[in-house]
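Each remark here refers to the structure printed beneath this line.
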Amino acid sequence: MEKHIPVLLKESIEYLNIKENGIYVDCTLGRAGHSSEILKKLKDGKLFSIDQDETAILEGTEKLTKISNNFKILEGNFVNISAMLAMQGIFEVDGILYDLGVSSPQFDVAERGFSYRFDGPLDMRMDRANNSLTAHKIVNEYTQEELEQILWNYGDEKFARSIAKNIILSRPINTTFELVSVIKKSLPAKILKQQKHPAKKTFQALRIRVNNEMETLESSLEQSLNLLKPKGRVVVITFHSLEEKVVKNIFKKYTLDEQQFYLSNLPYEIESSKDFKLLFKKPLKPTNTEVENNNRSHSAKLWVIEKK
């Protein structure tokens, strides 16, 4: 199992602007890296951490209990953040964090089918109890056109047509390694020689489609903004352009008046009447030192929005 190092840890905790008696939500518990740092800063406050993976919940509980008891782990998908908090009697919070990096323990388990590094069944469901759509179903039942669209839209895969065509010709495809083999046959030799794994984009695309990730993120972010107290903040760490697009569009919607959309090139700022403001126009990126020490961080960006 690879060691998981939280990305942009110092910056994300700093921009959450944690008050020791505040209420905070970590929407992506994962390996509890960010949750641990939030919890250390709370005195009478409370942390709610969300995850739908049993292993993450067990490991997270063990890790956080060593720090303090001022936390509660909520099992489920962050698309239900409002309802989950309401069940705890919480209707407004001081800060919410999303680390959208793939970091859950389940990604290192071969039988979950997320990784092109391990051979396992083509599953990729985050929530196996409530989601019936698997990567196996998509790979073996969708049309070539549908597969192309998924690979292009969610993986930005230039060779989507070639991969989709070969998937159709190679059916049935039952395991991750069988799919990797088909992908490799579909790509030019020069691409196969590159450092990046040839299956990375296809696996990303399938995972996003199986778990409806972009629509889920969009819905959850909107709920989070409506949960904030005045001066409360939402901090998001993104890792690829699809996530960036969702965050950027929602943050724009909540911070810019209509006239600002059309007059954005003016040499002076127009004060927005909206209830939210961005802490910085362009997202923060990791330092060169962090990228050198943690390769996962090279594409990470930090976004922060505050309720006025």
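Just so you know, glycine gets a Cβ as well, placed from its N, Cα and C.
Note that the structure is a prediction, hence the values are computed from the model and not measured.
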Inset, instruction - Pick the one from Phe78, Phe91 that Swiss-Prot also lists for the S-adenosyl-L-methionine site with Ala32, Gly33, His34, Asp51, Asp99, Gln106. - result: Phe78
Inset, instruction - Tell me the Cβ contacts of Gln106 (S-adenosyl-L-methionine binding site) under 8 Å, same chain only and six or more apart in sequence, or just say none. - result: Asp53, Thr55, Ala56, Arg112, Phe114, Met126
